Each structure stands twice: as C-alpha cells, then as structure tokens.
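K.L.:
Per Swiss-Prot, the feature coiled coil maps to 301-332, 681-782. According to Swiss-Prot, the feature compositional bias 'Low complexity' maps to 1-19, 77-88, 401-413. The phosphoserine feature in Swiss-Prot is assigned to 403, 411, 431, 454, 509, 647. The phosphothreonine annotation in Swiss-Prot covers 560 and rests on a large-scale study or a structure entry. Summarising the annotation, Swiss-Prot assigns region 'Disordered' to 1-45, 77-98, 321-685. Sequence annotations record features per position, and here Swiss-Prot assigns repeat 'ANK 1' to 104-133 based on sequence analysis. Summarising the annotation, Swiss-Prot assigns repeat 'ANK 2' to 137-166. Look at Swiss-Prot and you will find 230-259 tagged as repeat 'ANK 3', backed by sequence analysis. The repeat 'ANK 4' feature in Swiss-Prot is assigned to 263-292.
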C-alpha cells in the first residue's frame, strides 16, 4: 500500500509546489509593474528623509564607522577632471566634508578627541583634516586633548603639526588647560623644544589687532570689517577681550560705539558680558548707550557679569548727570551774560559782620604802602566805579566809627609802624568839622552814629541807610567784648600802653579810637564834640525808659553778682596802693585821650554820657578821675594782675558779661578800701573762708560730675558687652542652622550629579542609536 500511495502522492505535491512558484512569480511581476509605473496624482510616495552630507559624515565618525566615512569622502571627491579641484581658493568637496562642523563649531576631529577614539583621529588626520581647526570658543583638538588628559592623542597631534601656542577665546594655551602632571610635562617639553614665548603667544592677537588698527589710521580709511558668521566688528572683539589700547585707537578714529553684530549686541554688551571694567568705562565715556537693546530686548546690565553690575550703575548715573549738565549749560548759554566788572566788586562793609569787617581792615592795611597817603581801603584797579556804586566800602570799627581817613589830601598820614603816635600824640577832630551847613542839619536829626571828618567823602543817602541799621543794634550789658580787643592791644607796644586795660577800665569811661587830624583843633574843642562818638541807641526807646532800665540793671548786678577769690586778691593789692585823694590826676587821664572800648555801652545810663564836659572840674569828676588813675597805675607799678585779668574764670562771673565784671571790680575796690581803713577785719576773713569753702565745694561737685559721667560710660559699655554675650547663642544657633542647610544643599547637589551621570549615559546611548538610525536611513535611501 505504501508503494501504491508513493507514486500517487509525488505528482500531487509537485503540482502544488509548481503552482505556488507560479503565484509567487506573478506577485513579483505585479510588484515590479507597480514600482516601474509613474505614480498618479493621488498615489505620490512620501519623500525620503535626507540629511546633509556634513551631518552624515559627523555621525559616521562619531559612531566609528570608518568604511561609511571613507565612502562619503570618495563620493564627495569630484575627480581629477573637475574645475573645482583646480582652483586653489576653493577647497575640494572632500576637504569641506572633513572640516565640516556642527552648530557649536565642533568638527569630526574635535569629537574624536572628546570620545578618546585614537583610530578615528588617525583616519581623519591621514585623510587631510585640519589639525589646528578651532571651534566657536577658539578650542583646537589639542586644547581638547590637553583638557581631557589624553596623552596618546596629544602626542599624535603634536607629531602631525598641532600648534602648541594656539590661544582660545579665554586667552588660554593648551598648557593652561592641562589637568594632569604628565600632560603638563609633555606640553612644557614641547614648548621648550620649539622655543615658544608663552606671553608673546597670548599677546599675538592683540598685537595683530593693534597693527591693523594703526595701518587703518595711517591709511585714512577705516574698513567695516565684520566676522562672516557673527557679524562682530573689531571693536566688539577688543571690548570683549579687554584690548584697551586697540579700543582707544578705534574710538579715536571715529568708530561707532553703537555698532551691532548679528544678534544686535553693541561693544558695550560684549564688554559687560565678559566683565571687562576698563572697556565698560571707556565705552561709556565715548557715549556708549546704557539702554541699548539687543534683538532679544536685553540691555548691557541684563547681560553683565555680577562683578561689573555696580560699575554699570555708576556709569549710567554719571551719563545722566553729564547729560543734565550739558542741558543746563546750553540753557545758560542762551541767557544774557553777566557783566564781568560786577564779579570783582566788593560788597558794602555795613552788610558784613564785625569779624569780617576787621578781616577786611587787616587786608587793607597789608595792601597800604607804609608812609604813603591816600585812602587805606579800596582797590586801585576799581577806581571811581567802586566809589560810585559802593560809597560805604569804608573800614569801620566794631561800634561803627569810621576808620581814620582825612578829607584833606595834603594832610600827612602816619605809617602803621608808629601806632603809639596815633594813640597819644594826635588829637581828634569833630565829626562835623568838614561838613557843609546842609549836611550838618541833615545829620543832626539822626540819633545814629556821627562820623569823623573823613565821612565828608560819603554820600548822604548811604549815611541815612547805614545809620538806622547800626541804631538797631541792641547794646545789652551781657554783651561780651569780641576779638577786636586783642587786635587793638597787639597794635600798641606794651611799654607805651598807659591806657586802662579792657578788664580794668571803669564802666563810665568811654574808649575812643584815634582819628587822624585834619586841622589843629584845641583840646577844649575836642571835648565839646566828644559826644559824636557815642554808641547808637534805639529810636523807639524814650529817655525815661532808658533811665529805668539802667537803674534796674545796676540794682540786679549789685544783688546777684558774685566775686571770685582772684578778684578779691586783686582788689586788696589795688586798695593797698591807693594814693591820697589830694594827688592830682595824670595828664594821660584826659577824657579826650581815653580810648573807647568798642561794642561796650556805658551801663550807668545816658545821664552820665550826656553830662557836659564843663562840669568835669566838680567833685564827682575829680573822684572819677582818681578812680581811673588808681586803676591805671595798678598794672604799671608791677602788680601781677595781668594773668588774672585775662583768665577765662575771671572774664565772666556766674554767667555775667564783661561790663558786669567791671562794675563788680569797681565796687570791690571801694569796699576793700573801706575795709582797709577799718581796724576790724573779721568780716573779711569770714567772707574769705566762706569763699574758699564755696570754691572747694564747687570743685568737688565738678569732680563728682565727671566721675558720674565716666561711670555712665562704663555702664553703657558693660550693657553693650552683656547684650553681645546674650546674642552669641542666637548667632551660634544661626550658624548651625546655616551649616545644616549647606549640608543638605551639598547632598542634593551630589544626588543631582549622580542623576547627571545617568543622563549623560542615556544621552550617549541615544546618540549612538541616532547615528545607527542615520546610517540605516542613508543605506535605504540609496
């Protein structure tokens, strides 16, 4: 049965197989017919994905597929008969494929060095790849190998002509990027062998830019040279890299500070981004806009490094201030100019304070030549202009008395080297001696200050304008004698000064400054006109009010004034040497020769000031003369009262004024004289002891006050120290908290680094898969 079934089954199986083959052939014929036929409008096939030749070559080299890379180079080579290969300016297509880069400027040779693939490096170098090709940051393949520490690749590149002096955009050589000692030793040995100057290599780019800029300046033309890819100018490069001298030359040649590159960056954007402070200052000084915007709408401060943020804010403020100054100067330029003559005119002396008047008088004395006549105050270059516009530019004493200027140009003027002759040998003239009748009538109605004969040079208007101002000065008894005392006493030799010292003069005596004579007036005439030097009084105060005020002041002084121990001793010395009342007065006690204390009003009231000089022969006048003589002879006879008179403790008693102290000294002299005549001195001893006890208690109080202040300071310091100690635990707790926070941050960063390593591995895997996919697609597309 098997033999019968075998022949029957064999033909059936063969027929089935033949039918299957026939169907397969039919399918192939139909598929070929459809593939060869043109597709219809609705049956168009999808376009095949095709990458650029450079991207395919980079992918093949990154994947290590050297056969595929070799086929691409062979396909790109046009052959010996093509015209492109014969042109030396145009690189061959195979060379263009070899040196092709991605968006970051990384070539296949860069990528092979990064991947440490020495086989691909050798293949590319043998095929003619550029060994010193730089990426967008200026890194060559040797920079990459040195940074990664690949000794074999570095040796191979150096053996095939790699430039060891190449500088990247940060100004670093491959030696500066070496990570290992072996790599550093290799590069140093190669530098020594080639004799490369490292510093000169780093300055090569700057020197080249400087040379080109000078050539442009000498040629008179500044070309608009731009980078073909970024559009950056020479000023952009110099600003970004800090080539200050190149920037100065470019700006001197008129280079625009608002030039834009491809991204809309100005040179100031580049300098701020790279943190070049000197470049930022230089560009800001030449009008670089702080508000210039890029194509992305960013200002220089938005792109700036953190180190130059404060500098940019300062430069922006300076630009704003300079702009405001220019606008203000332009506005002032349109206004009318002030006459230059008014800039040197001196203001009126009546508007100055007493201290300023004295300073002005000192300056005028220094300018005045010795022994020459003429006015002591006034600039010779101003002439009549100053006299016409400022008639009151006349040095005045503190109480308003005019300085000695004679109206007669022929009268002699004594030099400043002989002050004693002015004080003792000259007589005073009346203030109305040189005035006309009309002017004399006008000045009689004014209760202000009467001026000397020199005032005839002044105008009536300025006189009436100045005297009410001086009359408004309130002469209070509490007014201290200012610094003109020291100036007045310094101008007189001590050996010739027989006048009453300021602290020892009677309040009733009026000290008058000497005035140069215009005529030989007799002594009696000067006495009659003595009231012309009186202090100005207030117009609104009546005579009865002045008398009542003076009486109240005298009563208050007698009841409230205290006397120091020094004053008491001084009074005892003076009282011990009081001469007999029948002794005649000295000739120097003539009231007309007695100098007046400036700025001090007679506290006895106007009744004594207005007493006629004819009554000076009465008992009261004789007694006043004897008192003045006693006080004058005190310092002259060798008493040691000078230091006590000038000591600050004795200048004022219990806050009193100089005038009050003079009254106290006069009363003290009288009382001590009476006590000296009395045989019983018990009251004086008791008063002295009480006074000493009072002084001792006062000193103890002062020491206690100082001690209390010191204790307060020490208490404050202790409190602050305790507060610092109390705050220390809180500071330690804060430091511990910050330390824990930093530790947590470090742990998080470590975790992120681990995750970054995983991501890097995944990225590499995806890149490999992408390269394989590109190769598959390229093969299928063929």
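Glycine is treated like the rest: Cβ placed from N, Cα and C.
Locate each feature and note its surroundings.
P.N.:
Residues 57-58, 61-62, 64, 66, 69, 73, 94-95, 98, 139-142, 144-145, 148, 150, 152-153, 156-157, 160-163, 166 of the same chain lie 6 or more positions beyond the ends of the repeat 'ANK 1' (104-133) yet place their CB under 8 Å from a CB of it.
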K.L.:
Which value does the mean pLDDT take for the coiled coil (301-332) in this predicted structure?
P.N.:
82
K.L.:
So if I exclude everything within five residues of the ends of the repeat 'ANK 4' (263-292), which remaining residues of that chain have a CB under 8 angstroms from its CBs? That is, six or more out.
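P.N.:
230-233, 235-236, 238-242, 244, 247-248, 251, 257, 298-301, 303-305, 307-308, 311-312, 315-316, 318-319.
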